[in-house]
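These features come from Swiss-Prot:
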| type | residues | note |
| --- | --- | --- |
| MOD_RES | Ser28 | phosphoserine |
| MOD_RES | Ser79 | phosphoserine |
| REGION | 63-86 | region 'Disordered' |
Amino acid sequence: MTRTSKWTVHEAKSNPKYFTHNGNFGESPNHVKRGGYGKGNWGKPGDEINDLIDSGEIKTVFNKTRRGSNSQNNERRLSDLQQYHI
């Protein structure tokens, strides 16, 4: 009787080495450092579009005016009805 703990009690299953030994804690192992602004400041995918718009090579795409809501249209119609005289 040299052992006091039973062999039937097992510890929790450990995480795979892939997740425990690569990168920082709580990060996926294939995480890109600084969100893509890596060595040489090469930027994130899609940043080149803003550069092309600024240089004038392509036109701006998001130049639509904001649509009014239905409540604004309804208010205008009600005010027109109230101002209508027979």
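Heads up, the Cβ atoms here are built off N, Cα and C, so glycines get one too.
Cβ neighbours within 10 Å of Ser79 (phosphoserine), excluding its own Cβ and spanning all shown chains: 10. Taking the C-alpha positions, the distance from Ser79 (phosphoserine) to Ser28 (phosphoserine) comes to 58 Å. The Cβ of Ser28 (phosphoserine) has 10 other Cβ atoms within 10 Å, all protein chains considered.
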